[in-house]
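These come from Swiss-Prot:
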- 7-27: transmembrane segment (TRANSMEM)
- 45-65: transmembrane segment (TRANSMEM)
- 86-106: transmembrane segment (TRANSMEM)
- 108-128: transmembrane segment (TRANSMEM)
- 145-165: transmembrane segment (TRANSMEM)
- 186-206: transmembrane segment (TRANSMEM)
- 214-234: transmembrane segment (TRANSMEM)
- 245-265: transmembrane segment (TRANSMEM)
Amino acid sequence: MLDLHQVIVSIIIGVIEGITEFLPISSTGHMIIASHWLKIDNENTKILEIFIEFGSALSILYFFHKKILRILKFNINVKKTNTKNLHILLAILPTIFFGLLFYKKIKLLFNTYNVMYALILGGIFLLISEIFKPKKYKTCSINDISLLQSAIIGFFQIFCLYPGFSRSGATIGTAILLGIKRSVAIEFSFIISIPLIMGASFYDFINNMHNFKILDLPIFFIGFMISFIVSILCIKKLLKIINRTSLIFFGIYRFIISGLIYFIN
C-alpha cells in the first residue's frame, strides 16, 4: 500500500519541478529547498528527484520535437543546413566535461546554503544581462546562431553545475548579452537542455542505484508523471512569460527567495 505522505511529497516536488524548470530561477535549487523544508532530504529523495527531472526533460522533448527533428535532419548541401549538430555539441560539451570531472564535488554543494548563494549570484547575472544587453538584436533566428555564440553559451552554462544558479538563466542571459533575440535565446536554451537533463538523470541514477528499491517505484512514477503533466500544461505559458518579462524581475525574485532561506534557516 502506498504511503500517503510519500505520495503527497512526490506530487509537491513534481509540481515544483514542472513549473520552475522553464523559468530562470533554478528548478534544482527549488527542489533542494522544498526537500529540506519538508524534511525529506534523504537518499530516497535523490532517486525521486531523478525521475521527476526526467519527466520535465521528456516534456521539453515533446514540446520541441518538430524543431529538433528539423535541426537533426541531414541535408546533403551543408550551406543550407540549419543549426547544425556542431552548434548543439559546442553548447553542451563544456557542461558535460566539467560535470563528469567534478561530479562528486558538485554533489557536495547540494544544500540550502549553497543554493542561497547561487540564487544571489544567478540573480546578479540576470540583472547584468538585462541591463547591458545590446540595443539591437544581431541574431533573430535559431538558424543564425554562430559557432562562436554556441561556444560562449556553452562556457557560461558551466555555472549551472552550481545548484541554484539556473541552467536556463545562464544560457538565456548569455545569449541575450550576445545579441540573440530573446525568443530565440529561450528556444535554443531549452533545446540544448534536453541531452543535458536526460544525460544527467541517467548518470545520477547509475550512481544512486544502490538506493533504488523496487517497492518505491510507484512513488517515483507518480513524481515522474506529475512533473511531465505539469510541464506539458505549463510550458507554453511559461515560455511566453519569460519572453515578455524582464530578467530583472526574475533576479529580484531570486534575491527574495535567498533572503527567505537565510532568515528561515
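A Cβ is built for glycine as well, from the same backbone N, Cα and C atoms used for every other residue.
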Outside the transmembrane segment (245-265), six or more residues from its ends: residues with CB under 8 Å to it: 23-26, 33, 37, 112-113, 115-117, 119-120, 122-127, 129-131, 169, 172-173, 176
Of 86-106, 108-128, 145-165, 186-206, 214-234, whichever stretch has the most CB pairs under 8 A to the transmembrane segment (45-65): 214-234
For the transmembrane segment (86-106), distant same-chain residues with Cβ under 8 A (at least six beyond the ends): 71, 145, 147, 150-151, 153-155, 157-158, 160-163, 171, 188, 191-192, 195-196, 199-200, 203, 207
Same-chain residues at least 6 beyond the ends of the transmembrane segment (186-206) whose Cβ lies under 8 Å from its Cβ atoms: 22, 46-47, 50-51, 53-54, 56-57, 60-61, 63-64, 67-68, 71, 83, 88, 91-92, 95-96, 99-100, 103, 142, 145, 153, 157, 167-168, 171-172, 175, 180, 212, 239, 242-243
Distal contacts, the transmembrane segment (108-128) - CB-CB under 8 A, six or more residues away: 24-26, 29, 32-33, 36, 159, 162-166, 169-170, 173, 177, 247-248, 250-255, 257-258, 261-262, 265
